[in-house]
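Novice: Okay, so TrEMBL annotates it like this:
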- 151-161: compositional bias 'Low complexity' (COMPBIAS)
- 170-180: compositional bias 'Low complexity' (COMPBIAS)
- 63-139: domain 'Ubiquitin-like' (DOMAIN)
- 137-180: region 'Disordered' (REGION)
Amino acid sequence: MLEEPLAFSAFLLRLRGLPVVTPIRQHEDDPLNLNYPLPRCRFEEPEIPTTEESTRSSAAQTLRLPIKALKSGFTYDVPVDPLTPIAELKQRLAAQCGVGPDYQRLLLKGKALQDAGVVGDYNLSSDTVVTLMVRPGGPAPREYEEKAETEAVVPETAEPPMHTDDGKKTTTSQSTPSTTLDIRHLSAEALAKLGEPAFQEELRALLVAHDFAEADRDTLVRALARPGRT
């Protein structure tokens with residue numbers, strides 16, 4: 001009976017001599033409540049090497065779309081990409097020509113471009129010419145107004161006096177050119193353009209948009225296609 005109490009006492013003495021070990025914590029401290037700042041690490045992003053192929057592909061996506069005004073004939077080069085909406089294209093064009101998007105009507109081979117579409121839907125490229133037609137009530141394109149004002153303020157210059165053999169001065173009057181347009185006086189290239197079926201189709205679509213009668217449309221197209229034989 002005395003051996004068990006002695007053994008138990010000896011065990012307690014050995015436990016008292018052992019060092020105290022703190023148990024491992026099973027929770028993490030909140031970083032916001034710590035008394036020391038957390039170290040910050042810098043992560044540098046590697047630079048993406050640019051190759052000639054990537055440069056060419058990015059440059060190929062951006063193009064300058066030529067848009068030709070119907071009345072003035074001035075061509076606007078608008079920078080776009082295949083994902084540019086037609087509505088945004090009209091806004092960029094308005095910054096150049098001064099015609100608001102609501103008054104613009106963009107035509108491609110007689111068909112109007114829809115605002116909900118994008119440039120890629122119509123396969124537009126830098127070689128494609130889009131026609132700008134201003135709706136009734138809209139302002140004239142900015143370049144067309146500047147051109148008209150320039151022509152209005154340019155005075156007619158008289159020819160300098162000429163001296164004859166006997167020393168007398170003679171003046172020659174400069175005749176005012178006629179304002180009547182004779183289509184037969186156009187260049188051969190322009191006459192060939194008027195006879196192209198694609199041009200005549202766009203002209204018919206334009207006349208339809210302006211509510212021209214069918215007989216008047218046929219007369220105008222025949223007059224342009226065969227000048228001097230109407």
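Even glycines carry a Cβ here, placed using N, Cα and C.
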Novice: In the domain 'Ubiquitin-like' (63-139), how many residues does DSSP call helix, how many strand, and how many coil?
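Specialist: Helix (H, G, I), strand (E, B), coil: 19 helix, 27 strand, 31 coil.
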Novice: Summarise the model's confidence over the domain 'Ubiquitin-like' (63-139) as a mean pLDDT value.
Specialist: 89
